[in-house]
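Record features (TrEMBL):
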type     : residues                    : note
BINDING  : ASP45, ASP84, GLU114        : Mg(2+) binding site
BINDING  : ASP45, SER46, ASP84, LYS112 : 3-methyl-2-oxobutanoate binding site
ACT_SITE : GLU181                      : active site, proton acceptor
Amino acid sequence: MPAKTLTTLQKLKDKGEKIAMLTCYDATLAHACEEAGIDVLLIGDSLGMVLQGHDSTLPVTVSDIAYHTACVKRGAPGALIVADLPFMAYATLEQTFTSAAQLMRAGAHLVKIEGAAWLAESIRQLAERGAPVCAHLGLTPQAVNVLGGYKVQGRGDEQARQLLEDCVAVAEAGAAMLVLECVPSELAARITQAVSVPVIGIGAGPDTDGQVLVIHDMLGLSLSGRTAKFVRNFMQGEGNIQAALRAYVKAVKNREFPAPEHGFSA
Ligand code: KIV
């Protein structure tokens, strides 16, 4: 299988083909994901919740993400790897460079940062220095204490206009891809049309360029016993994890998942 790159993703968007992305934190599942045809592996700071058992992503450190990035890289040497810069690891430009360097050295091809238009300068400077950026907008879990909970973002005309403007601003600053989390489906579709780079949704409806889920969620594993509206358990009807991963790739590529019922209204 040829190694996946940012060019692979851009070609998929340009041809109107969907991108399948999952979080991943270890070598064995990374290998299984690569075999199943997942396009992008994300070492998300969700590892703070699903691996470490915290109730938010805030305790995660750059070293935690670097450790799991190296594990994933060993298991899936041909995968396109995105690694999260965790809470407060990009509060200043100097800190942003140091944190990004640690993750790129561990094997990441892109770093992901959460925020809005205020990220533009960091995105520009990272890209200029050889660290492409995936910008994560909408519900940004690192800001849970500012947002007052894990809530849908971009509802109402004013919030929707602001989110669209923010997405355009980060794309113009040089973001190589966007993740949109918990955004009304119709707004996510407009944002996807408005920017030329790939837009990956989670709780953003069926019309983004691709889909990402936390791997534990799509395998039907949950610490809390709760399942978000935008999650489907791909183990149902499948005999093993490998088959569930293949079913996820097929459902995303065939536009069967996410379906309209996995999205949110404005
Ligand atoms: O940390 C993570 O897993 C993420 C995804 C939910 C997009 O950011």
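In case you wondered, yes, glycine gets a Cβ from its N, Cα and C as well.
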Which listed residue (ASP84, GLU114) has most other Cβ within 10 Å, given these are binding-site residues: ASP84
For 3-methyl-2-oxobutanoate: widest Cα to Cα gap among ASP45, SER46, ASP84, LYS112 in Å: 12
Neighbour-count leader, CB within 10 A, recorded positions: ASP45, GLU181: ASP45
Cβ neighbour count (within 10 Å, all chains shown) around LYS112 (3-methyl-2-oxobutanoate binding site): 24
Nonlocal neighbours by CB distance (under 8 Å) for SER46 (3-methyl-2-oxobutanoate binding site), same chain, sequence gap 6 or more: THR23, THR57, PRO141, VAL214
Listed binding-site residues with Cβ under 6 Å from ligand 1, out of ASP45, SER46, GLU114: ASP45, SER46
